[in-house]
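Below is one structure; the comments refer to it alone.
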Amino acid sequence: MTLNISAWSIRNPIFTLVLFFVLTVAGIVSFGSLSINENPNVDVPTVAVTITRAGAAPAELETEVTKKVEDAIAGIGNVDHIRSTINDGISKTTVEFVLDTNTDRAVNDVRDAIAKIRQQLPQDIDEPIISRVDFVGGPILIYSVASPSLTLEQLSWVVDNEVSRTLLSIKGISQVQRLGGVDREVQVNLEPSRLTALGITVDEVNRQLHALNLNLPGGRGNLGTQEQSIRTLGSALSVEQLRRTEISLPNGRKARLAELGSIEDGTKEPRQLARLDREPVVAFSIVRATGSSEVTLEKEVQDKVAELEKQFSHVQFKLILTTVRFARASYDASIEALLLGAALAVIVIYIFLKDWRSTVIAGLAIPLSIIPTFAVMQWFNFSLNNLSLLALALVVGILVDDAIVEIENIVRHIKQGKSPFRAAIDAADEIGLAVVATTMTIVAVFLPVGFMGGIPGQFFGQFGFTVVVSVLFSLLVARTVTPLMAAYFLRNHHNKSENRSFLVKGYTAILSWALKHRFYTLLFAITIFLVSLLLAPMIPSGFIPTSDRGQSILMVELPPGSKLEETDKTTQIITRLLKQRPEVENVFVAIGSLGAVNQATVFVNLKPREHRALSQQDFEQQISPMLAQVPGARMSFSVGFRGGKEVSIILTGDNSTQLNQVAEALTSQMQALPILANVSSTASLLRPEIVIQPRFDRAADQGVSVEQIGNTAKIATLGDIDAKLPKFNLSDRQVPIHVQLDPRFRNKLQTIQNLRVIGNDGKAVPLEAVADVSVGSGSSQIDRYDRNRQISVEANLNGVPLGAALNQIYSLSALKHLPSSIHLHHSGDVDLQDQVSLRFGKALTTGILFIYAVLVLLFGNLFHPLTIMVALPLSLGGALGGLLITGKALVVPALIGMFMLMGIVTKNSILLVEYTLTLMKETRLTRHEALLEAGATRFRPILMTTLAMIAGMLPLVASIGADAEARSPMAVAVVGGLLTSTLLTLVVIPVVFTYVDNLQVSITRIWSKIVGGGGREQSARSI
């Protein structure tokens, strides 16, 4: 097969040089434009429906709101899963659509579905909020603000108004959320005794204030020669004016608002709190939008914060948490590994070639392959993340592979007495098929990875495509630039005879023995393969290795009903324990940021890795027993792939009692497993409730509706919903006027029983006259999954791989004897591992078929591609052995390394088989002689390429730098597989070749007799 592109490139050097000059410039420019993130963006079409109903209990919201929303959404096409979480006054339903669904269209479909049932929902809910959900993780930056001259309320307003508005102007920021601080409001605290004496209810006072404190448009006037707009200004202009507001009483009387209670310009009852090292602070967090660069955003935010510091000289800003530090360190480590690997690969080339000119030509393949790849990455909107950079660092030795084969073959021809120009043409033509075949096998392996779809496809797709693009560029370099430079840059070697080294002579002797003892050689290879299969169960399996990020996130939950003050006391105890550890730099606590005052998130910043003895994971394991002694709190470190726990078992069913029983049993059994830590159930703990049960006969006699009873209790104890609150107008904002009972009376059951409700005769009657008021209990939170009640049992791992933990969990009696009405689902890392296993299994099968198809097309032969593919199982023992020796688990990165092995190990086989077939076709050598000659000739380039690839991956094997835990297993698998497969390929493949060749000849003879063609033995090689 003649590939004239090399000869054409040698004779037309200008085009090739200009092409790669343009590609290199484009790559350099694109590199500076690529965003830098920790991980690839994962875009799952997800829509959230959030509905608030102030004061509503979870059970009430589930029946009146959540189920109706779920039923409406279920009718939309392409819905994958529906998840709902119901807390006090808030129902949040998250709708996951199948991938490739247009998210904007999905938002519109959900909005239309909710609009159709809007009249079926309670009238006192806030307007439903429908929004898309971006999976970009939590906040990337958290700042605290402080000022000696501003009050807490003023400082909070600076964050809400100035800071948020300034930072949201940065492209790529999706949310700025204040943590801690307070909100300003005018508080109207009514005294029950005065309301009773004057015969008016809390509900009626609130209604009148809302009706009076309004600014409304009044139409248009035409006075004189001009046109005027008409405005009705009813809103109070000061608190004193609000105090003088007259409230209409029954029987036509009136009373000033101040006579009904106290009116103060104050702040809302705090529902959140932030502390830094136990000191209260006002802070704000920044969440990036999908597709934005973490590193770029950090720089832009720092610049904006510097501007804000100049604008507000009396306010101090302090960065207290950043996740970008780890992303930047991981990026630096990946670039360092890439450059160091490239340098080591070039050193290996020089050791073998012992010629700086040949080394430069071969080494140029690395930058000429990698730099243009950046241009394609920008075209496909990729980012510089852990996986795309890992792809480049891992293939750095492969990129130089084709160039090594080309340059080694050219040098060999020069040593035969040819001029560099003629040697470049002849050698490139001779080796062309092998070079194309070896590269296309890599493409065949990783193209399915790029297209495998699902969340794994979005996550690992950039890895697959980056490998494919870079090796295709390396093929282009090898077929154009390498022979071109060799033709004009190399020198004659007439004085150097081509003497084979002692290594080649030793190898030839071993190969000759193997060919004479084919059965024993084949038996040895089969034995090695079977032994490698026995190694597999000895290696623990897992998902994504946990990395030392230098930051721990502790989730804290107190019993339902706990007040903000109790949660604050508990987190201060936790902070004190954490600060006693030498590894801890500072501790930031955010209480109520998740919507409940009994929940807190504790961010623990650890000192740099070189300044602490323990890794993050070891630190968390050591501190967990101490934290477990804190009374009344459930705690767990967030370490999973999606930020939760590593193991999450979801149980669903309609029977709530049975569901709780199964979840309780499973939780108890999982807690007994020493391999698990922080086992907890999301089964809602009962929280105390005050239950108002209307007495319908009495209520009907008095003309009191259930809605009146509910509104009266809600406004008296909580206040009206924000949309209905009267407003106090300031120049820069509206301050809500909050009407409710005085705090001194709200905490008494008797006060609630004595609340007044207006009857049908206009008289106020006590609440206890029309309803029974008692103390009860109810769920604090309800979770639902695909329209069924859900309970999740979650846990972290105690230093064991995920696969090993799952095997023990599934053997528990609670899951083995699961009732038919209870269904088991996976979530968290378990769900992702299942998806990855399924997708990679399909990609593996497709890759093997693609390799065979590519080889058949290139060789025009059905049989000898099978010889080449025998190298695939030969690499398995080395990969698994490498993982076992180094103590690495069989995690996803190691699995990707094995994928890469599939393409790499076939390269050596191709070089042997292709040259053997060429010698058998173009010379008079026998098959035995051709195999010995091909082995001796290809031994050097095979050894060179293998050692260059291993050298290129050594920085990854060494586990140096941030996120090394994820990079190392992949490199270990590749290096181990390369070592064994190369040694076995050089001996076993020639032996297998003889068996396959005999089979081919036999089948051809049989076929010839069937068709009557009298075929010749040589014709077999065209099948």
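Cβ coordinates come from backbone N, Cα and C, glycine included.
Taken from TrEMBL, the feature transmembrane segment covers 12-34 (among others).
If you look up TrEMBL, you'll see 333-353 (among others) marked as transmembrane segment. For the transmembrane segment (333-353), the residues of the chain that approach it from at least six positions outside its boundaries are 359, 362-363, 366, 370, 386, 389-390, 392-393, 396-397, 400, 404, 407-408, 411, 940, 943-944, 947-949, 951-956, 960-964, 967, judged by C-beta separation under 8 angstroms.
Look at TrEMBL and you will find 360-381 (among others) tagged as transmembrane segment.
Same-chain residues lying 6+ beyond the ends of the transmembrane segment (387-411) with a Cβ under 8 Å from its Cβ atoms: 39-40, 331, 334-335, 337-338, 341-342, 345-346, 349, 352-353, 355, 358, 361-366, 369-370, 373, 377, 420, 423-424, 427-428, 430-431, 434-435, 438-439, 442, 459-460, 462-464, 466-467, 470-471, 473-475, 477-479, 482-483, 486, 490, 493, 893, 897, 900, 904, 907, 911, 940-941, 944-945, 948-953, 955-956, 966-967, 970-971, 974. Summarising the annotation, TrEMBL assigns transmembrane segment to 387-411 (among others).
For the transmembrane segment (431-451), the list of distant contacts is 1-3, 6, 398, 401-402, 405-406, 409, 457, 460-461, 463-465, 467-468, 471-472, 474-475, 478-479, 840, 842-843, 846-847, 850-851, 853-855, 858-859, 896, 899-900, 902-904, 906-907, 910-911, 914-915: same-chain residues at least six beyond its ends, Cβ to Cβ under 8 Å. Annotation source TrEMBL lists transmembrane segment at 431-451 (among others).
Marked as transmembrane segment by TrEMBL: 463-490 (among others). Packing against the transmembrane segment (463-490) from elsewhere in the chain are residues 3, 5-6, 9-10, 13, 16-17, 19-20, 23, 357-358, 360-362, 364-365, 368-370, 372-373, 376-377, 380, 382, 387-388, 390-392, 394-395, 398-403, 405-407, 410-411, 414, 420-421, 423-425, 427-428, 432, 435-436, 439, 442-443, 446-452, 896, 900: each is 6 or more residues past its ends and has a CB under 8 Å from a CB in it.
The annotation transmembrane segment is assigned in TrEMBL to 519-539 (among others).
Within the same chain, residues 1, 433, 436-437, 440-441, 443-449, 452, 456, 865-866, 868-869, 872, 892, 895, 899, 902-903, 906, 910, 914, 917 sit at least 6 positions outside the transmembrane segment (840-859) and bring their C-beta atoms closer than 8 Å to a C-beta of that stretch. Feature annotation from TrEMBL assigns transmembrane segment to 840-859 (among others).
Annotation comment: TrEMBL describes 866-885 (among others) as transmembrane segment. Same-chain neighbours of the transmembrane segment (866-885): 525, 528-529, 531-533, 535-536, 538-539, 848, 851-852, 855, 894, 897-898, 901-902, 904-906, 908-910, 913, 969, 972-981, 984-985, 988-989, 992-993, 996, counting only residues six or more beyond its ends whose CB sits under 8 Å from a CB of the stretch.
Per TrEMBL, the feature transmembrane segment maps to 891-918 (among others).
Residues or ranges marked as transmembrane segment by TrEMBL: 939-958 (among others).
Per TrEMBL, transmembrane segment is recorded for 970-996 (among others).
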Q. The transmembrane segment (519-539) vs the transmembrane segment (939-958): three or more C-beta pairs under 8 Å (separation of 6 or more)?
A. no
Q. Of the stretches 12-34, 939-958, 970-996, which racks up the most C-beta pairs under 8 Å with the transmembrane segment (891-918)?
A. 970-996
**Q.** For the transmembrane segment (970-996), sequence-distant contacts whose Cβ falls under 8 Å of one of its Cβ atoms, 6 or more beyond its ends
**A.** 390, 394, 507, 510-511, 514-515, 518, 521-522, 524-525, 528, 863-864, 866-868, 870-871, 874-883, 885-886, 888, 893-894, 896-898, 900-901, 904-905, 908-909, 912-913, 916, 927, 931, 934-935, 939, 942-943, 946, 949-950, 953-954, 956-957
